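Enquirer: Residues or ranges marked as transmembrane segment in TrEMBL: 20-40, 52-73, 93-113, 134-159, 179-204, 224-245, 251-268. What TrEMBL lists as domain '7TM GPCR serpentine receptor class x (Srx)' is 38-260.
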Amino acid sequence: MNLNVSYPVNNPPLDIKLSIAVIMGMPPLSMILYVPLLYIILTNRKKYNNPFYKLVVVIGLNDYVLLLHFMYWGTCLIYEQCPFGEAFNEFQMVIAMMTCYGCMLLNMLIAWNRFAAVFFHHYYDTHLFTKSMTYFYVFLVYTVSASANIPVFMFGAKIYPQWNTFWFVRQPSLQFIEIWQIGDVVFAYMLHLGLIGMYLAAFIRCYKMTGRQSTEQLKTNRRFLYMAAINGIPCLTYVNCYHFGSELSAHFFAMLCMILTPFVYMWFNAELRQDLMRLMCRSSDAYSRGTSQIFPSSTIKGQSQAISNNNLAASLAAELVADNNLMNLSSNVQQ
């Protein structure tokens, strides 16, 4: 990171303009997509009691925090000054770093969930992913995330909008920075190599099992596996861009990852799609009932009857006037 080069506020370069467009335009779309997904799962807990859906809810809430962070970042870029003061800038950066590590670890946890469902299906519900074990995994994710975030706790970090990046508040030694950056890269790539390995192994096992049998449980596991793998691809690309690419590419693939997650889970799951359609139908029915309460049918009928009576009276009056005029005209002619 070059902290000696900034950009003019009134004419930022193209990559800064594109970064602002990405991190201010894409998060609202992801938030809108997440709302029905989280609502349906949380209001139908008995139906969606699979531990996989619990992890989807956790990663959805985690993504919400990251989306708010990116929108805050975009606001900083627009004004070249972060709102709510330096203390809030540092606080939100600590939370954002924890949720960033949490996002990677949750993707790893979902990969382990799919791997366990395929390879250890006899122990999946009874031992590996019981309710208490699922909560333990989530607790472990954020414990490891906090441990990986120790340098940020020690030295603080904040967004520097004039450079379109974040960095430490209190500058550590150069040796510490080198060790931290190497450790961060090793941690991220070891995590994603494990993620790719588990997905590949699960795909191969599912493919072999499909040739011998095709149970509903196998179909469900295969569908969940496809959904989780599709979501993992842009997240892996984001890690590469974060460490070796530009901020613009990192922002784009981070947003793409968080937009794809709710879309894929809603689109590739027939039950969620059906519940979404029911939710939309209930909303439209409620709107119709609300309209009928505001304008009751009896009132509308009474108003239409009154209007028709008024029109009838007006037409009769017009006919009487025309008859009188005709009689006057005929009497004048006779005279």
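From the backbone N, Cα and C atoms, a Cβ is placed for every residue, glycine too.
Heads up, TrEMBL stuff is auto-annotated, nobody curated it.
Mind running through what each feature is packed against?
Expert: When Cβ-Cβ distances below 8 Å are used as the criterion, the transmembrane segment (134-159) is approached by residues 51, 54-55, 58, 72-73, 76, 82, 86, 89-90, 93-94, 97-99, 101-102, 105-106, 109, 112, 165-172, 176, 180, 184, 187 of the same chain, each at least six residues removed from its ends.
Proximity of distant same-chain residues to the transmembrane segment (179-204), defined by a Cβ-Cβ separation under 8 Å and at least 6 residues beyond the stretch ends, is recorded for 104-105, 107-108, 111-112, 114-115, 118-119, 148, 151, 172, 225, 228-229, 232, 236, 239, 242-243.
Below 8 angstroms of C-beta separation, residues 19, 22-23, 26-27, 29-30, 33-34, 36-37, 56, 59-60, 63, 66-67, 70, 103, 223, 226-227, 230-231, 234-235, 237-238, 241-242, 276 of the same chain, each at least six residues beyond the ends of the transmembrane segment (251-268), sit close to that stretch.
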Enquirer: Other than its close neighbours in sequence, what residues sit by the transmembrane segment (224-245), given a CB gap under 8 Å and a spacing of at least six beyond its ends?
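Expert: Distal contacts: 52, 103-104, 107, 110-111, 113-114, 117-118, 184-185, 188-189, 192, 195-196, 199, 202-203, 206, 252-254, 256-257, 260-261, 264-265, 268-269.
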Enquirer: Other than its close neighbours in sequence, what residues sit by the transmembrane segment (52-73), given a CB gap under 8 Å and a spacing of at least six beyond its ends?
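Expert: Residues packing against the transmembrane segment (52-73) from afar: 23-24, 27, 30-31, 34, 37-38, 41-42, 82-83, 92-93, 95-96, 99-100, 102-103, 106-107, 109-110, 113-114, 117, 134, 138, 159, 161, 224, 251, 254-255, 258, 261-262, 265.
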